[in-house]
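Lifted from Swiss-Prot, the feature list:
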BINDING   C70, C72, C85, C88  Zn(2+) 1 binding site
BINDING   D460, D462, D464  Mg(2+) binding site
BINDING   C814, C888, C895, C898  Zn(2+) 2 binding site
Amino acid sequence: MKALLDLFKQATHEEEFDAIKIGLASPDKIRSWSYGEVKKPETINYRTFKPERDGLFCAKIFGPVKDYECLCGKYKRLKHRGVICEKCGVEVTLSKVRRERMGHIELASPVAHIWFLKSLPSRLGMVLDMTLRDIERVLYFEGFVVVEPGMTPLNRGQLLTEEDYLGKLEEYGDEFKALMGAEGVRELLRSLDVASEVETLHSEISKTGSDTKLKKLSKRLKILEGFQKSGIKPEWMILEVLPVLPPELRPLVPLDGGRFATSDLNDLYRRVINRNNRLKRLLELKAPEIIVRNEKRMLQEAVDSLLDNGRRGKAMTGANKRPLKSLADMIKGKSGRFRQNLLGKRVDYSGRSVIVVGPTLKLHQCGLPKKMALELFKPFIFNRLEVLGLATTIKAAKKMVEDEEPIVWDLLEEVIREHPVMLNRAPTLHRLGIQAFEPVLIEGKAIQLHPLVCAAFNADFDGDQMAVHVPLSLEAQAEARTLMLASNNVLSPANGEPIIVPSQDIVLGLYYMTREKVNAKGEGMMFADVTEARRAYDNREAELHARVTVRIKEVTLDENKNRVETVKRVETTLGRALLSEILPPGLPFSFVDKALKKKEISKLINASFRRCGLRETVIFADKLMYTGFTFATRAGMSIAIKDMLIPQEKGQILGAAEAEVKEIESQYTSGLVTQGERYNKVVDIWGRAGDAVAKAMMGQLGGEKVTDRQGKEVTQESFNAIYMMADSGARGSAAQIRQLAGMRGLMAKPDGSIIETPITANFREGLNMLQYFISTHGARKGLADTALKTANSGYLTRRLVDVTQDLVVTEDDCGTKNGLLVKALVEGGEVVEALRERILGRVAASDIINPETQETVFEAGTLLSEDVVDTIEALGIDEVRVRTPLTCETRYGLCANCYGRDLGRGYLVNVGEAVGVIAAQSIGEPGTQLTMRTFHIGGAASRAAAASQLEAKSNGAVQYTATMRYVTNARKELVAISRSGEILIADDSGRERERHKVPYGATLMVTDGAKIKAGAVLATWDPHTRPIITEYAGRVRFENVEEGVTVAKQVDDVTGLSTLVVIDPKRKSTSTKGVRPQVKLLDDAGNELKIAGTDTLVNITFQIGSIITVKDGQDVAVGDVLARIPQETSKTRDITGGLPRVAELFEARSPKDAGVLAEVTGTVSFGKDTKGKQRLVITDLDGVAHEYLITKEKHVTAHDGQIVQKGEMIVDGPVDPHDILRLQGVEALASYITDEVQDVYRLQGVKINDKHIEVIVRQMLRRVVVADPGDTGLIPGEQVERSEVLQINDEMIAAGKEPAVYDPILLGITKASLSTDSFISAASFQETTRVLTEAAIMGKKDELRGLKENVIVGRLIPAGSGLAYHNTRRRQAAGEDMGADRLLEGGETPAAENQEVA
C-alpha cells in the first residue's frame, strides 16, 4: 500500500529549477538516454496491431502499450510492477513511459548535423576555418580532406579531388592521411586543440589592424571560447549515434478501413534505418568503395531530412508529394511547439457565446446564461451536493446535474455568488481585453455585457462573441477580484485617462438633457429644490431645456476630505438641475452646468476619479449611463432626408472655383505654369472650395432662428438631429455630414494621389455615374488597406512585446541622480503638448526651484501628481528634470521611481508590475487606427512649404539662441548667417513660450531682447531662393569661374539680361574635374583677406545651380548676397507616415540618404574635391582634421570657416538614429524617437504616454559594444548585455583589475529580441533554428528571468504575485529560514480599493 501512495506523491511533485541549460550531446550521452537500439524499420504488425520487436515502436525498448501489461500477456495487473517479462522482454509499467523513453540508432558511418553545417553562419565552417562550400564537398563525398599531412608539404584541412588524392598517394605513399565524408570532418574536429587555438586567436586579435579580419577572428574566438567554457567537444557536431524520439510523440493511429495515419517522423526514421542497415551490409560484404560512398551520402541526406527537411537540396516528400515535416519544423513557426502549444494553450473551464447589451447591469457585473454557468461551475456544484449530503457519490451528483433538478439551480446561485469570471474578446490587444466580472444568472443563451466596458474591449453588438473563463483557485479568484474587476480598471494604461467613458446613445441623451432652448415651456420658473423641479418636469409644466432658477445642494470636500454642504441658487436649465442629483460628493455643480459633449463627459469622469476616488466614480459612471439611456429614449431623436440642409451658397462657391480653375488652365496652355504647378493649384482650389461649402453648411445646420419671450428674433444653436449627433460626439463627424449635405470633395486614386476633378455632388443630391465610379476607388482601397493594416499592426505588437517582455518593476528605487530634462513640446511656435501633460505622474529627479525666489518648492523624489503639477504651472517653471526608465540603474528590470505612476491605477507603480508588456500593448493597440500609406507632398502640403516669414504668437521678449549668428548689411538690416539659429520668445517671468527656427539668409526684424506683441513679424525671407551671403567686406575676385567650364551664361528670354549659373561638374571636361568656382575677397591693398585671428583665407564656394549676382572686381559690403540658389531644386520627399513609420523608428533603420552630423566640434573647411564627391574637413580644437566625402548633389549646410558643434547637421537629409546616439547621447536619441513616434500617433488623435516609448528605447539600448576590454577577457567590438558588463566590471573592480570600457549601441526591436540573454525567449520569437544552434554551441544557460521563458516552462511568471513567489523560492533555496510575515516582501501592494488615490 505504501508503494501505491508513493506513486501518487511522485506524480504531483513538480520539479523546481532555476535555470535551463542547452548544449551538444556526446554519443555516450545519447546512448545513456536510450533504452535500446532500433534495428528494424518496421512499425506495427498490420494484423495484430502489436509493435514489431526492435522496430520503431518496439515495446521492449519503449515500454508497454497498455498499463501494467506486457506484450505477450504473461504478466498483467499492478502486482507485477517492475517485472521484465522473460518471453517478450517488456517491462511491466505504465504505458505513459512510451512518451519519455528514447531509443537510438548506431550509425554505420558518422553523419554531420545539418544545423551546424547549414544554419548561417556555418558553425562547422567557423570552427574549422573552412568555407561552407569546401565542407559540403567533403561531407557529400566530392573530395578528400587532408587530416594528417605527416612529413608531406600538404596542409591540414586541404581539399583534394579524387585524381589529386590518387596522385599524392603514389607520390607520398601512406605518409599522409586524407579522408572523405563526415569521418574526415570528425577527425579534423577531433584533432583541434581548442585551448591553444584560443590563445593564438587572442594574440592575433591584439595584432590585427583590419576591421574585417577582427570581426572574423572574434567570431571564431567566441565559438571556441564557448566550447571551452561549456566543456563541449567540437567533434560532437558530428553524429555517431542518432537518438530516436519516444513513439507516443510520433504516433501511428489505425483509421477505420485498415489504413494508418502516421506522423511524418516515422517515414523519415524509416529511411534512415533502411539506409543505415544497407550500409552495414555493404561494409560487411566489403563492397566496392564507390557503392559504399554513395550509400554513405544517402545516409547523410536521410539524417539531414530527419533533422531539418528542405534545408539542403530538395525536401523529401511522402506518398502525396508534400514535403515531410521534420524535427525542426515541429518546433518553429506559428504552428510549431513554441507558439502553438507552449505560449498558446487552450484552457478548460471556459466557454464562448454571442454578446448582447446589458444596460441594467452594474459596472462590475455581466450576465451569464444559466446553461453556460451550470457547465462551467459543475465541479463546485458536485462539491456542494456532496457536502450537503444530497448526493452520495460524484456519479450521483453528476446525474442530478444532468437531469437539471430544481435544487441544482439554487446551488448554482450559491456557488456563483462572489465568484468572479473573466471575459475576453479577441483580439486581445491590451490588458483591458480581459476583465473580470461578477456573473448574474440570466435566461437565454447570450452573454450580457455592460455598455461602458465596450470601449476597452472594442466590442459592439453586431454579432461579436466573447469567451468566459473561470478562475478556480482562491489566489486566482482574489487576483481577478482585486486587479481585473472591471470597476478597478477605470483608467487606460496607455495614457492615464478614463476608458470607462459613455459613448453613442448615452452621450446623446446627456447632451440633449443639458442643452438649452430659447422660450421653452416653463422658462423663468423658480424651484425650491431639485425634487420640485423634477415634479414640474414629470407633470409637463416645464420642458427639459427651459432656463430656470433652482436651489441646489452642493457637496464639496475640504483639505481634510471632510464633506462641506452648501446650498446655492443657480440659474440653469431644468435638465442640468436634474443631472446635478447624481453628482458624487466633491464635484461642484459647475461641472455639469454646460452642454455635455463627449469630451466634457470624459473630463467629468476624470475629475471625479481624481477628486472623489475610484468607488464614487464607478457608481457615478453607472448613474450617468442610466440617465443617458433614459433621456435618449425621452428625446426620441430621429433623422430624415430633410434634416440634411444643403447650403444656399454652394452654387456660387462652386462657380467661383470653376472660374479659378479655368484661369489656371489658360495660364498653363500659354506656358506660364508647369504641369506640376497646375495640378497642385487646381487641387488646392478644390480643397478650399470643399472647405468653404462645409463651413457654409455647418453654419446653416448649426443655428436656427427663433422668437424669444419678448418677441425678438434670435439665433440659437440648432436642434437639428444630425447636427446634434455630430456636435455631441455621439456618432458621425463634420466630415461625414459634409458628404451628406455639402459636397463629397476630392477623391484619391488607389495609389494615393488625388484626382483633380472633385465630386461636387453630395449624397442627398445623389451622384452621377462618373462620380459614383470615382467614389468606388477610395472605398475599395480602404477595405484592402484595412486587411493589410491588421496584419502589420499585429506583427508590430508582437515584436514590441517580445523586446520588452522581461521588463518588470523589481525594486522601489535604484537611487540614480540622472533623469531627462522635459519642457513643453513646441512646434512651429505652437504648444503641441504642454509641460503638465509630459511630467504628470513622473518622479522629480532634481529639486524643483521657484524661479522667482530661488527656493526649493518640491524636493527630488517627489511624485508629480495633479496638485504638484498645477503648482509648477502656476509658478511659471518651464522645464523639469524627471526620472525616466532610460536612465534607471536597476540591473534586471526597472525601479518604481524611474517609471513613476502606474497610469492604469493612478498611483506609484507597484513592484512586480510588468511595465514592459504594458508599454508594448499601449503602443501596439492603436496600431490598427494608424494609416498605412506614405504621403506624397502635394496640394495642401506644398502650400505650407512656401512660408516666407515668422510671426510671434504671444507677447514677450525676444531671445536669440547661442547658435544664432548674424551680420548687419549695408541697408542696416540684420541677416542671419547661421543654419541652426532659433528665436525664442519668453514671457515676463522668463519662461519660454515659443521657439522658431530661422533659415539662413533671413532678414531679422527684431533684435535680441526686444519686447514684442503677438502677431509681430520676427523674420522674413525669400521662399523661392536661398542666398549665399558674405560675412566680410572687400573686393570680389573670382577663381575658376570660367564660362563653359564651371559656369554657363543664361540669357532670360523676356528681359534679355544674362546671368552666370554654376554648372554640374559631371558635364565638365576631365581636366577641370577638381576645380570649384569660388570667390576670394581682397582688401584695399589687393591682398587676400584672412578670417580675423587666423591664417585661413576667406574663400566662398558656389554650389551647383547657384546664380552669381556679383561681378568680378565689384566691392561688396558685409551681408551682401553673392549668389542665389533657386529653391525649385529641392525635391519633394515622400513622407513615410503611419504604421510603417513607427515600425521604421523602432527597428532603428538607417534612412536612405541620411544627413551627416559633425563628429567633433571644430571649424569647417573644404578640401580638394574628388570625382563626384566634395571633401569637407572639420578641424577640431586640437588641430586634428576629420574628413568627409560627400556626393556633389547633397546640400552642405555648413560653410567655410563656420564653427560647428559635435552632432550638428552639416549635410542635409533625414537623421540616422545611430548617429544621434553616437554623437549626442542617449537623451537626445530618446527625445528624437519619442517625438517622432508621438507625431504619428498625434496625427490620428491617439494619446500615448511618453514613458511607454522610453521603456521600449531602454530595451533597444540594452546591449553595449566593448571599446576597451581591460582585464575582462572580453573581445573589442563584441556586443554584450549591459547588465552582464556591469556585473563583470563589478567583479574586476573588486579584484583590483582594469574594468572594460564600452559604448551604448542601438538595436532595432527584432534584433534586440533575438539577442536577448534568454535563448528560450529568442527561439520562440523568430529564427528558431539559428537561435538554438548558437545557444547549443555556446552551452548557454537561460536564467528564466523574463515572462515568456517562464510561461514556456510552465511556471508562474516573475511579475505580480509571481515575483514574490519566485523571490521566496530563491531565498528558501539559499537555505534562509523565513518567517511567514516576510514571505510577501517584494510582492503586490494591497488592492486598489484600500488605497487612497493620489
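Placement of Cβ uses the backbone N, Cα and C atoms for every residue, glycine included.
What you see is a predicted model, and the numbers here were worked out from it, not measured in a lab.
All features noted in Swiss-Prot, drawn onto the structure.
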{"residue": "C72", "record": "Zn(2+) 1 binding site", "contacts (Cβ under 8 Å, 6+ apart)": "C85, K87, C88, V90"}
{"residue": "D460", "record": "Mg(2+) binding site", "contacts (Cβ under 8 Å, 6+ apart)": "C454"}
{"residue": "D462", "record": "Mg(2+) binding site", "contacts (Cβ under 8 Å, 6+ apart)": "none"}
{"residue": "D464", "record": "Mg(2+) binding site", "contacts (Cβ under 8 Å, 6+ apart)": "V354, I355, R425"}
{"residue": "C814", "record": "Zn(2+) 2 binding site", "contacts (Cβ under 8 Å, 6+ apart)": "C888, E889, T890, C895, N897, C898"}
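Other than the site residues D460, D462, D464, same-chain residues with C-beta atoms no more than 8 angstroms from the centre of those residues' C-beta atoms, the Mg(2+) site, are I355, A459, F461, G463.
Counting only residues at least six positions away in the same chain, the Cβ atoms of A59, P64, K76, V83, C85, K87, C88, V90, E91, V92 sit under 8 Å from the Cβ of C70 (Zn(2+) 1 binding site). Sorted by the number of other CB atoms within 10 A, the binding-site residues C88, C888, C898 start with C88, the lowest.
DSSP assigns C898 (Zn(2+) 2 binding site) to a helix. Around the Cβ of C85 (Zn(2+) 1 binding site), 20 further Cβ atoms fall within 10 Å across all displayed protein chains. Within 10 Å of the Cβ of C895 (Zn(2+) 2 binding site) there are 22 other Cβ atoms, across all protein chains. Reduced to three states, the DSSP call for C888 (Zn(2+) 2 binding site) is coil.
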